[in-house]
Ligand SMILES: Nc1ncnc2c1ncn2[C@@H]1O[C@H](COP(=O)(O)OP(=O)(O)O)[C@@H](O)[C@H]1O
Ligand SMILES: O=C(O)C1=C[C@@H](OP(=O)(O)O)[C@@H](O)[C@H](O)C1
Ligand SMILES: [Mg+2]
């Protein structure tokens, strides 16, 4: 990890709490916070529209560019990524090089409960439960590369943030 600046990068499946926990962590650390999905929506438009117009591959290209720019910025920050950005090897390498990468996990049933009334994730629309199970199976090892894994199934977002803070102090 580049020692000139510090970055905490949260990765994990949709609904594991990356966006939520990143807010708490950034507040606790007094660091900036970025969420790649929010940056994309501010600069390029709604994620569902981007999937419609450019397909998933087009969205991934935009996402990778945003991720690289956030990781290269010379400031300490907490970065919440979208759940699929880990699918590109280059992104995984870049995250490991520039930050402390924390993978949030949760079991499928809790994830379904957390995301079922949210229509903002195009990959989950339709039969949300079936889509969660199918994509989780496809990505079952996708988050294994992280420096740290944290199962949030029975944690509140604050407890998850506290455990990440503790891991940083013990590092
Ligand atoms: N540890 C948790 N326990 C219960 N609900 C959670 C937890 N973390 C996040 N949530 C809720 O789950 C939903 C998805 O969280 P979010 O932070 O958007 O996940 P992600 O960014 O990983 O997709 C939100 O409604 C959030 O409030
Ligand atoms: O896992 C994925 O492929 C995606 C996750 C989403 O972000 P969250 O993980 O924050 O839900 C968002 O980037 C997009 O809908 C695609
Ligand atoms: Mg998110």
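Cβ atoms here come from the backbone N, Cα and C positions, even for glycine.
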Out of 121, 134, 139, TrEMBL lists as part of the ATP site with 15, 16, 17, 18, 19, 20 the residue 121
Near ligand 1 by the Cβ criterion (under 6 Å), the binding-site residues from 15, 16, 17, 18, 60, 139 are 15, 16, 17, 18
Rounded Cα distance, in Å, between residue 17 (ATP binding site) and residue 60 (substrate binding site) is 20
Span of 37, 60, 83, 139 as binders of substrate, largest Cα separation rounded to whole Å, comes out at 19
Keeping only the binding-site residues of 37, 60, 139 whose C-alpha lies within 10 A of that of residue 15 (ATP binding site) yields none
Span of the recorded ATP site, as the biggest CA-CA distance among 15, 16, 17, 18, 19, 20, 121 in Å, is 16
